[in-house]
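Right, one structure below, let's go through it.
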Amino acid sequence: MELKINDLCDDVIVNIFEYLSDNDKMNFMFTNRYFSYLIDKTFYNDVHHYRLVHNLPFYNKFKKIEYYASTNNIPNGITHLVFNDEFNDNVDGRIPCSVKCLTFGKSFKKPLKPGTIPFGVEKIIFKSWYNKSISGGIIPGSVIHLEFKTSRKLSKGDIPENIRHLELICNNQSLGVIIPRNVKYLKIGYNILLNETTLPYGLTHLVFDYNFNGKINGFIPETVTHLEFGNKFNQPLEIDDIPSNVVYLKFGTDFNQPITSKVIPSSVKHLEFGYYFNQPINRGVLPQGLISLTLSCKFNQILEPGVIPDTVKILNIYPSNVCPISIGVIPSRLTHLNIVQELNQILDQTILPETLTYLRIPHCYNHPIKPGIIPLSVTELEFGSNYNQVLEIGTIPPNVNSVTFGTKFNQPLSKGVIPNSVKKIRFGFEFNQLLKVGDIPYGVTHLYLGNRFNQPLEIGVIPESVTHLDLGYCFKQPLEIGMIPSSVTNIKFSMYYYLPIKRGVIPDRVKHLNLNYIYTGCDPDFIPKSVTHLQFDLGYNFRLIDFKIPESVIDLEISRAYYPIGPKIIPNSVQKLSIWDYKGEVTDDIVGKNVVCLRVSPLNYRGYEKYLDLGIEFKTY
């Protein structure tokens, strides 16, 4: 017997829905009239904004409701509560018991009382410094994630024992009785003093913030696997200072201390040295089993063969003057090689192992690269800033799927130079060559034409496979229907495109459209009805919006809208709206029915006070 999906009982379908996003659930239900009745029987697990769902008859089926509070009038049922950055009012008795995630904005300074934050809240973030007391159970025991900065000294019990994730800056030098013993992730700042009781056993992720520069003395627990030092840390390290289970180790900007044998434990797989590190590295210092190594800008030491373990697969070298690399220095199984600045030798098999999949050619390198030099295994290729040589067929290997040209590259292309395997092409600042049909191979999906590009395009130059197109900064050539292929879904126009755009030039499949400047002679309906994300600039001539913004747009950004925005300009579909330069009154025509995020000039703050109870996220920066 043939089983149809309609034969499945409702409970089975609802259970399947638990593995889908809410958007996928809706799409599934609307494919069949039979399933549409499940809308109010299904639970929705993604985060949804209160303004978009609170009037729905199945509102109680949404498990996560987000609300941005600009006043202390907060509706019940909110689970994700964010106080906007301008908010600084009393919240006693105002936070619903349904809240699970709570964020206080940058201006919040009011004192909190025990019970103000209800038990049940699991995550609290203070975005700015909070210098009022949190003693006496102000942070409830249900909280497992806390981000908190204060210039006060904390006492034992201020931070609940159940905390698992803690990001803390306070005025205590000793934190032994402050940090709960259950913490797994810890980020701490200021120059605290470590002792044997400071850090809890069981901690796995430890991040020292910017100012820490204290002695380690072996006080980091053995359970730590992820360790990051802040930019100010520059203390000598002894054996056992870095625990034997650390897998990820990162040093900050200032660290420049000798590294001797066994200081870095054999467990480390990912190692990153900071900006000023410039110490000799002897053979045997770096652990066997290391996978990723980063040497930063000031490193200027000769690397002998065998210093970098053969297990390393990712190597990042940032110095401006790399010492010559001899045979045996580069591991034979390397997959990612990123030499950023300068290399005083010719690229050959000494430097380029046959296992490479990612290669960045140094910025200062400008020697011809013949076919066969770059290994066939490379799939992602970046040329440095100075590279400006004619490319032969075969220079870019046939397996490359992403190629980025540097700032100065400005050479003509011919068919076959860029292989058919390439999916993404990014030209650099100076590129301004006439492109012919076939120069960009069919199969390319992402094409960035470079800031100086200003050449006429004929139909077929941009292949029908392209979905993401950036016309660069200077492009100002007339566009006719068909020049931008129908496959394109994302387009960015240049800052200087002062030409009229006819209806049909922008294909009907485009969803993301960045116009920068809109010329006055455009057809009123030149923006297709498929666009969901729209950005445009009205220029300095104080013009009105005299073209239609489609009802499909949900994310809208308008620059230099100096005249008042009247009715029927902003469609009701818009959920995120940015009118940064707008000086007019914020009205119902702007806020609409569905806007949940509004970005306006700080000068306009008083202009939207009457909308503060809508739960909208207001941004003034």
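Any Cβ shown, glycine's included, is placed from N, Cα and C.
The domain 'F-box' annotation in Swiss-Prot covers 2-47. The average per-residue pLDDT of the prediction over the domain 'F-box' (2-47) is 80, rounded to a whole number.
Taken from Swiss-Prot, the feature repeat 'FNIP 1' covers 87-128. Counting residues 6+ beyond its ends, the repeat 'FNIP 1' (87-128) has Cβ neighbours under 8 Å at 64-65, 69-81, 134, 136-149 in the same chain.
Counting residues of the repeat 'FNIP 2' (130-171) by DSSP class, helix then strand then coil, yields 0 helix, 10 strand, 32 coil. Under the heading repeat 'FNIP 2', Swiss-Prot lists 130-171.
Under the heading repeat 'FNIP 3', Swiss-Prot lists 212-254. Broken down by DSSP into helix, strand and coil, the repeat 'FNIP 3' (212-254) contains 0 helix, 6 strand, 37 coil.
Residues of the repeat 'FNIP 4' (255-298) grouped by DSSP class, helix first, strand second and coil last, total 0 helix, 7 strand, 37 coil. The repeat 'FNIP 4' annotation in Swiss-Prot covers 255-298.
Secondary structure of the repeat 'FNIP 5' (299-342), assigned with DSSP and counted as helix (H, G, I), strand (E, B) and coil, comes to 0 helix, 9 strand, 35 coil. Positions annotated as repeat 'FNIP 5' by Swiss-Prot: 299-342.
According to Swiss-Prot, the repeat 'FNIP 6' annotation covers 343-386. The helix, strand and coil residue counts that DSSP assigns across the repeat 'FNIP 6' (343-386) are 0 helix, 7 strand, 37 coil.
Remote same-chain residues near the repeat 'FNIP 7' (387-430) are listed as 361, 363, 365-381, 436, 438-453, 472 (criterion: CB distance under 8 Å, separation of at least six residues from the stretch ends). Residues annotated as repeat 'FNIP 7' in Swiss-Prot: 387-430.
Here Swiss-Prot flags 431-474 as repeat 'FNIP 8'. As a summary of secondary structure, the repeat 'FNIP 8' (431-474) carries 0 helix, 6 strand, 38 coil according to DSSP.
Remote same-chain partners of the repeat 'FNIP 9' (475-517), defined as residues 6 or more beyond its termini with a Cβ less than 8 Å from a stretch Cβ, comprise 449, 453-459, 461-469, 523, 525-537, 539. Taken from Swiss-Prot, the feature repeat 'FNIP 9' applies to 475-517.
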**OP:** Determine how many residues of the domain 'F-box' (2-47) DSSP places in helix, in strand and in coil.
**Re:** 26 helix, 4 strand, 16 coil
Original post:
Where else in the chain does the repeat 'FNIP 8' (431-474) make close Cβ contacts, counting only residues six or more beyond its ends and a cut-off under 8 Å?
Top reply: 405, 409-415, 417-425, 480, 482-497
